[in-house]
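Participant: Take this structure, written in structure tokens, and hold onto it; I'll ask about it next.
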Amino acid sequence: MRIYNTLSRRKEEFKPLEEGKVKMYVCGPTVYNLIHIGNARPMIVFDTVRRYLEYKGYDVNYVSNFTDVDDKIIKKANEEGVSAEEISTRYIAECKKDMEGMNIKPATTHPLATQEIGGMIDMIQTLIDKGYAYEVNGTVYYRTRKFAEYGKLSKKNIDDLEAGHRDEAHSLKVTGEDEKEDPLDFVLWKPKKEGEPSWPSPWSDGRPGWHIECSVMSKKYLADEIDIHAGGEDLIFPHHENEIAQSEAANGVPFSKYWMHNAFLNIDNKKMSKSLGNFFTVRDISREYDLEVLRFFMLSAHYRNPVNFSHDLMESAKNGLDRILTAVDNLRHLSENAKDVIMTEDEKKIIASIDDIYKKFEDSMDDDFNTADAISAIFELVKLANSNSSSDNSKEYIDTLMKKITTLTDILGLKTDKKEEMLDEDIEALIAERQQARKDKNFARADEIRDELLAKGIVLKDTREGVRWSRA
């Protein structure tokens, strides 16, 4: 198995630090709103990486955090007149609903930044003691130039960097830039401002900088040195670069052996942004498609290639997924009435020929998790099943064919189990209850009903003429 390592900029043979075990950390979302489809890509991609590693026999300790203290969370809380904790708790719950819809397995651990403040204070103190950090007026900064290998992940030369040369969306804006020893130094701890959550520390009542959070949670729930650290390519600099500087200075060992990053997602060939009106949450997509279609769409491209999201491409993904699900459904129906006899020699030959398709699938996944080519192998298997199955076949043969397909779809996290169909009158009754909830301004219950129907494959569309529904 070969993985493209951002650190070396080449594919490397995958050899975990401990045989048979994989320690994997994936940067999770900042929970101040519903997750958008850009957030969904790393969730789906690295969940699939995890599933394939488990299929290969590895014991995967998969840690993915929730950033539950951040400027955006505080801003949202102040706008709504509630606590930051209330905002983060609400959107963690909503995020988990979306993750379930996309069939993303719960992480081994989902740590919360606010629950790990003690560990962050300890690591910051270690960095101060080692001379890698310093305190000024209650703020603690990291001495960027002291870490000789700074820039090794992003391939940025520290001498070419200028203050402010950081992703604007992720920059930690701290007043008093002139108090830094060097403009490139970044914040580890900042003093509280009015209306912000804070924690006591040796330097000031305040809160941690964003970068220190992942260094500490990775250390606590995995180890000082881990196998895979992953996230979107927008995190390479400054977030992951700063994590390396913190962790390696504090712990004295390499932070992660392999670094994996997924490419950006565009909408109709444009960057997704609220100002362009092309911003979609996962919940938005769920109103038109089963979220399994979104998962299939994301896996139809290699994770390191940019993905272009459009309605036409989602329709294409829906049709592709339907081909697979229909094949499994047909086999399921054949199995119910098939003869309970042993396989014939001809049937055994067909099953044996599937080994070649499995090899194609595994070769694709072993080559830096090429899910696009892996899906092509599944389509090849579906074609074989469609043209070599009938009511004349044995039950053992039909069941084996079906199992061969579902083993591969399970690796990609694509569910093939049949959804129980709701009766029309039950659907109409729930829609009526939803309409009443909206009249009563009980929007939480209205959303709950819509999500409940969606989970059963029923898509609602609000129109001027009333609510229309269809089966996904």
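Placement of Cβ uses the backbone N, Cα and C atoms for every residue, glycine included.
Keep in mind it's a predicted model, so treat the numbers as computed, not measured.
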Participant: Which of these ranges is annotated motif ''KMSKS' region' in Swiss-Prot: 96-100, 106-110, 271-275?
Facilitator: 271-275
Participant: State the residue range annotated as motif ''HIGH' region' by Swiss-Prot; the candidates are 29-39, 51-61, 260-270, 348-358.
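Facilitator: It is 29-39 that Swiss-Prot describes as motif ''HIGH' region'.
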Participant: Need a hand: Swiss-Prot gives Cys214, His239, Glu243 for Zn(2+), which of Cys27, Cys95 is also on that list?
Facilitator: Cys27
Participant: When you average the Cβ positions of Cys27, Cys214, His239, Glu243 for the Zn(2+) site, which other residues in that chain have a Cβ within 8 Å of that mean position?
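Facilitator: Leaving out the recorded residues gives Trp210, His211, Glu213, Ser215, His229, Gly231, Leu235, His240, Asn242.
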Participant: Tell me the coarse DSSP state (helix, strand, coil) of His239 (Zn(2+) binding site).
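Facilitator: Helix, per DSSP.
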Participant: May I have the DSSP-based helix, strand and coil counts for the residues of the motif ''HIGH' region' (29-39)?
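Facilitator: Helix/strand/coil tally for the motif ''HIGH' region' (29-39): 3 helix, 2 strand, 6 coil.
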Participant: Within 10 Å of the Cβ of Cys27 (Zn(2+) binding site), how many other Cβ atoms are there?
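Facilitator: There are 22 of them.
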Participant: Which sequence positions outside the motif ''KMSKS' region' (271-275), separated from its termini by at least 6 residues, show Cβ-Cβ distances below 8 Å to it?
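Facilitator: Hits for the motif ''KMSKS' region' (271-275): 36-38, 264-265, 309.
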